[in-house]
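A.B. asks: Quick one: this structure, given as structure tokens, is what I'll be asking you about.
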Amino acid sequence: MYRLLSANRAAAMHKVLRVPPTAATTTACCDCGGSSASQNFVHYQQYYQMLYRQMPAITATPFARPQTTAPTQTDAQTQGKKKRVRKPRYAKYVELLEVTELTASERKSRVKRLKSKKLAEFIQKTQQQILEKRAREEKRGLKKSSKGGLESAAQRQPVEYQKINMEALDGSILESGIYDDRPMLFFGKDEYTKQIIANPEEVQNILKSFHNFRDIIESMGNEQQEAEFGLAAAKQVEELESVDPFEAIEPYINPLDKGKPAVTALVVPNVNAVTAKSKKRFKSKYHVNEEQERLGRQRALQINLHTYLNVCVSANMLSRALSTIIAYRSRIKKSTSPRLTEGLLTIDLYNILLHGYAGKGLFERFEDTFKLLEEDGLSFNEQTYAAIFECLGRLEPDAENEQILRQYMAQAEAEGFTLNQILDKSKFVADQRDIALDAIRRIRPDFTPVYVPPQLGYDNELLNHLNETKETADYAIMNSKRGYSKEQLEQLAREQLKVELDGCITIQSIEKTKEFANSEKCRERLKELEQSWRKQISTAIVRDLNTLRAQVRFKPHGYMNYYTYLKALDSSHFADILIKELYKLAEGSETFSPTVGQLYKELGEKVQQRYQIEQKKHNGTLEKIGDIYSSYCDLWDSGKSQDNSRQAWQRLVHEQRETGPSMDLPEVPWPTNVLAGVGRFLYNILMRDIKIDPHIMRLKSKSKTATQNLLPAFYTLFRNQGRLVKEEVKPHPVLSRLLRASRQQTLTFDSNLVPMLCPPQPWSTPHNGGYLLNKSELIRLPHQAIQQWDRIRAANPQHLYPALDSLNQLASVPWRVNTQLLDVIVEVFQNGGNAKLDVPQPPSSLPPLPSVQKNSEGSGISNADLAKQFREKLGHRRKKAEMYSLWCDALYRLSLAQHYRDKVFWLPHNMDFRGRVYPVPPHLNHLGSDLARSMLIFDQAQPLGVDGFSWLKLHCINLTGLKKRDSVRERLLYAEEIMEDILDSADNPLTGRMWWAKSDTPWQTLGCCMEIANVHRSPDPAAYMSRFPIHQDGSCNGLQHYAALGRDKAGAHSVNLSPSAIPQDVYSAVATLVERSRKSDAQNGLHVAEALAGFVRRKVIKQTVMTTVYGVTRYGARLQIARQLKDIDDFPKDWVWPASTYLTTKTFESLREMFTSTREIQDWFTECARLISGVCSQNVEWITPLGLPVVQPYNRQEIKHTSRTGLRVNANMSMDMYERPNILKQKNAFPPNFIHSLDSSHMMLTSLHCERQGITFVSVHDCFWTHACTVPELNRSCREQFVALHSQPILEQLSEFMRHTYSFKDNDFTNDGSTEDLSKRQLNRTLKQLPQKGDFELSNVLDSIYFFS
């Protein structure tokens, strides 16, 4: 298409026109001052051959076809009477693109999803029809013109082309670029032109279609680029697949050239004048610029290549690994942008292949690979020489072999690599180290490698004093690990290894259900069915793998395919995974089913987990972990060590480095696209090959020889999830009934979702820790968040030690179940639950809705009533689903507690990206609700001591929430007053006065009552051995950190940072301010204030006050308050929403009045994050006071549909460091996330100092647990570490870090007064403008009784 000149360029166009334009010309420009009708009209070039149709001879004069942009009255009347003529069918492709603006997005997505091959076939077919039709017309034209002679070329051209000197136009206009971004429309038929002119709306539709078409081209051009970051394809076939289908097969047909056959010719992409200019402008919602997009694709390709080559080597597909490397080498060499491809193929990728060859002893392949390395300009590193020595060590020792060994040893030393350095820095698996060392000793028999010992101490100002060793032997650090013999620990470790090798654990459920009459028969049939399913699955896996192998044979070896990943495991493993998933799906609920995409990912993760365990079994890691863990058990048994868990583990690993595999191997997870592809393979088998007989439940079943009517055991349905429609997988109803009738009341959990039976492996590196074999993630991050991992890998290992040691300390605490309390909870649960006691009730307890009345004639039911019934029905369904979810959570938790009731267990820990710690097992842990916290107690018992009983009684009163504003002395006196109620609660929890049920946390209160009763009745309370944890909870901990940061004296006093005779309750203080304001409004006649009389309570606004410092929005606060108002029985339900809105406003105003310094700091955080993410287009990052790098993983992620076909691995991945940040989330989340990183730093400091003092310490974020006898020591350490933390210049260090990371330099400014330039200057100013601080003295915290209480 050609673009129309603007008004100031009209003179250039006149030079190339043979006849000057007149008022009646057929072309008009909106910039030429024409009439309003002519401004809406431009000529249109019909797509595909409308210009080249055979036309009658027309003289090339401007008056041959007098047309105006405004139709005459006669034409308009005639056109109005006529029916709309259908468009010619030869414009099929134009019709495909002529869409209205309202349906543009729908049509764009539809066009995008067209397969390139099918679209090309469609276009070629259309072109062939055009050519055939033109040939027929030309043939008829030749017969007619045989008498009058041949027509001239000029006569056969369209009229508009006869008026334009195309050579002059190409040279003077198009190449010089002096044209506007406006389309020119051409028409070829008089009738068609008249129809368009008579209907201005049609012209506008064509223009809209043109713009929509251009948007489609541009968006597909950005999306459909080759995954290999723009590399030139190695073959023409690959080039065809990567080019935009709209541009790749656009033909040029010369109307004068009749001798050539009608063959479609490829045109160079991006030559279309419509898109040529806009292609230069980078447009993307998800990437900052084109370079970032290509860097992201290159990084994604590197990750995929790394995992693919590792799997190729483990699956013994060395030829495929080599061909993959060669294929990408070829693409790099053909790339037109060497700078963008630099660094794709690294020496690390080649080393993976070299170790594969070394395992086979194929040294001739090494020499071929070295030639590739030389061509690529890559140098050897330590790992390369380790592979060389391993390969030579596997060959027979002869003179030639020794000569080669001497040659490479000399080469290594010449390049600066000593033998010690090679063995120390290289990673080995299986027997690679021993083989390489044996090869070296052939030349140097006395060689003994010297390994560099790891750095064990801290490099942090807050913790460096812990590096000092005490002169006298002090083994207090081992106090929490005493009481377990080596034999006991080794037996527990063997049981834990068995669970992890099995991959799951099956336990008895506590659910009480009726036994079916035919249960035994159903169990037999289910067992037979499982055997047949296993055979079908094995057969299907072999069949589908053979099909994949046949397809792979005919594909270039450069493709990374799923077949390689699937060959890494035996078919029996796939069958086990599918059988377990089959049972899990069949036992699903009616209200929830996994989507197809979720099932892909889940199955893929199961395969990856099994692959990692099998690799550890084969490469010797399992055996070496057993040896090191046995030595670790020796330390626990002896208790004579001053090292913490990490330091002890690092010493043991270092002592055993001389042989066996390396223990610090980083496990690279499979990319999400690989997980989905592998899962899709298993999903297809699940849906196609798992069958069930619908009559299997019949007692009088047919004989086995009879023909069975087998149906698929699973089917899919589509369900609305918000604005999206998702495809979900459902079991056949017969299968669900069969499982319900035959199951033996069991639950199955993955091995990485349950507590450990032995002490966890300490975190010594960011990649190793937690479970013994199962992969545990150190940081809980979404799959696209790789920037924080990069920061962690680049950090000094010593800077990560504080976080790792804190996780190890929390994980080393042994637990057990409070069986006395568990029996009460199980009884309540089995009897239908209790909403008042927060024991979930089954969905069957929800009363059914009244019968729905239908709107029939004469029924008198209005549409409003029907709408209300519909809303009630949806609410009932939602409530039922919520009840079932909560009921299942309680069932899992109680069943696991029942399973572990007589066992000791440990909880491995990890953390989120801010540093907040969490137990890895999600169901049975000390986090969560009141019921969850109440069931666990310490396994180690310690005597109460002199003050232990007092702390126990004080803890009981604190749990009730009845004496929040009273002093410690008054609380203890109150405990003595109600001792009879406490004892009655312990003796008759469900039949007595049930004083404990009125508590804020009833189940924890009941557990404490039982412990007090046991101590009260013991002969010597001070000697009583107690396992019960005592809590010390921070007083609105987020506001405490804000007040300390700003040295805000008034704010510090309100959150108990300064000493006071009675505790300052910030929630009650805010409630008092709100109530005062409410009374004033009520006196002024505000109805909502009058309705709230007596209902402005502490509990109503507590959650909102607590979460304000964590960034809660007004909408979220309104929901929180509304939820509390709904729970008040006396409050009128019609006033819930207006009252919640009113209280939200008043609460925010009161907080702003009380905490001015807090608001200033919060606003500074928000503004910094807004400018960093908006101006710099980067994620906000910082380093915690303990050295942990933090990056906010909020970016604008493109929603990509999961592919359901194809065997080629798509290397595209979302990665936060290359994508645009989500500015709204970045700025809103930075204040709460930074405060969370501070409270986690305070917790970690307290944890490490308590461990050194031998104090049992457990954390639930800002609530610290310990034994009753060690509460004073915990309180002292907690306050000292808070003062030490905030004595650091935290805000100043943050400002300095952000200025160093994000500030612009002088040469970055354009000094042109532009918005971009001003924004950069504003960023530099804001990062320097620290909030003003008050004069609060931090040392006052040391004397504050109610700081943590």
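Numbers here mean position along the shown chain, with the first residue as 1.
Even glycines carry a Cβ here, placed using N, Cα and C.
Model, not experiment: these values are computed from the prediction.
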A.B. asks: Please find, within the list 134-156, 272-294, 1192-1214, the residue stretch that TrEMBL describes as region 'Disordered'.
C.D. replies: 134-156
A.B. asks: Let's see if you can do this one: DSSP helix, strand and coil counts over the compositional bias 'Pro residues' (840-850), in that order.
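C.D. replies: Helix, strand, coil within the compositional bias 'Pro residues' (840-850): 3 helix, 0 strand, 8 coil.
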A.B. asks: Quick test of the contact rule: Cβ under 8 Å, at least six residues beyond the ends. What residues does that give for the repeat 'PPR' (346-380)?
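C.D. replies: The answer is 302, 305-306, 309-310, 312-313, 318, 321-322, 325-326, 329, 387-388, 390-392, 394-395, 404, 411-412, 415, 417, 432.
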A.B. asks: Work out, from DSSP, the number of helix, strand and coil residues along the repeat 'PPR' (346-380).
C.D. replies: 28 helix, 0 strand, 7 coil
A.B. asks: Across the domain 'DNA-directed RNA polymerase N-terminal' (494-812), what does the pLDDT come to on average, as a whole number?
C.D. replies: 89
